[in-house]
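Per TrEMBL, the features are:
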| type | residues | note |
| --- | --- | --- |
| DOMAIN | 21-294 | domain 'NADP-dependent oxidoreductase' |
| ACT_SITE | Tyr54 | active site, proton donor |
| SITE | Lys83 | site 'Lowers pKa of active site Tyr' |
| BINDING | His116 | substrate binding site |
Amino acid sequence: MALAVTVPSIKLNNGRHMPAVGLGTWQMDDVEAEKAVMQAIDLGYRHIDTAFIYNNEVAIGKAVRQKIKEGRIKREDIFITSKLWCTSHSPEAVLPACHRSHRYLSLDYIDLYLVHWPFGLKSKTEVQSPQEFDEFDSTSLEDTWREMEKCVDEGLVRSIGVSNHNSVQLARVANVARIKPVVNQVECHVGLSQHQLLQFCRDWDVIVSAYCPLGAPYRTGKPRGAPASLEQPALIQIANKHGRTPAQVALRYVIQLGAVPLPKASSLEHMNDNLKIFDFKLDKREMEILDKLDKNDRLITFPQARHHLDWPFKIPF
């Protein structure tokens, strides 16, 4: 087997380290997720991103345990992120939800546990998809966060953070936190550079991890006339100059913005390509060119919750 790529890590505000690129697993079923994670670990990935609502925690845990059993990695070599779903925001539901993800993964601990969205939802039945809820839950961000801290206290998780939180929501959490959020995971790509939110997170010493870092690579419905992310002529031109793929340049752009990209990939070729982004740099002019591709082209908005008081996209960042 070829030598695995070594991925650098970044330091979190609690002193722990997180690998600077990870594998996203949204919309991977059990079979695909288990195979992808095992292949990813062999290639050099040391950061896997999942969530309760992805319905693949069991498969991902199985893949990681297999690679530990093979001696390919030790538990401390790999960084696992999971997330609290919206239907478990009430104070009495947070710890049980974390215990469930911990049990599904069947690892000693979860490295990072995030509040998936800032708004709570209620469901009378066990949810299998984001669309499944009956009504809004009015539990405050602050009350949910206090329960998240107990997940650290009990040793279930090493670090906690948030996802899809705007600047006001992040500040609300940070201002009451006994254990500070280390990460805010948000959508970030050449079509949505998030400069203002990134700077805000830096000011609070919170790392941004980026989902959808490739945008929607080849979609046909192009809002506001914008080409799909990887088909932008400027992106292709820069990629050709560096002898790279447009995807590699798009990921490098996200890294140089200061975020940790979490590209989803299940093919060996794409997973391998997505790791080879640490041996070249974009110059200032190239970053400026890519900045101009920002059309505020947000792909993930959770429109079913747009009338919730804590829906995060009511303000610019």
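Just so it is clear, glycine is given a Cβ too, placed from its N, Cα and C backbone atoms.
For the recorded positions shown (Lys83, His116), fewest C-beta neighbours within 10 angstroms: His116. Summarising model confidence by region, the domain 'NADP-dependent oxidoreductase' (21-294) averages a pLDDT of 94. Straight-line distance linking the Cα atoms of Lys83 (site 'Lowers pKa of active site Tyr') and His116 (substrate binding site), rounded to a whole number, equals 5 Å. Annotation note: the residue listed as 'substrate binding site' sits in a coil segment as assigned by DSSP.
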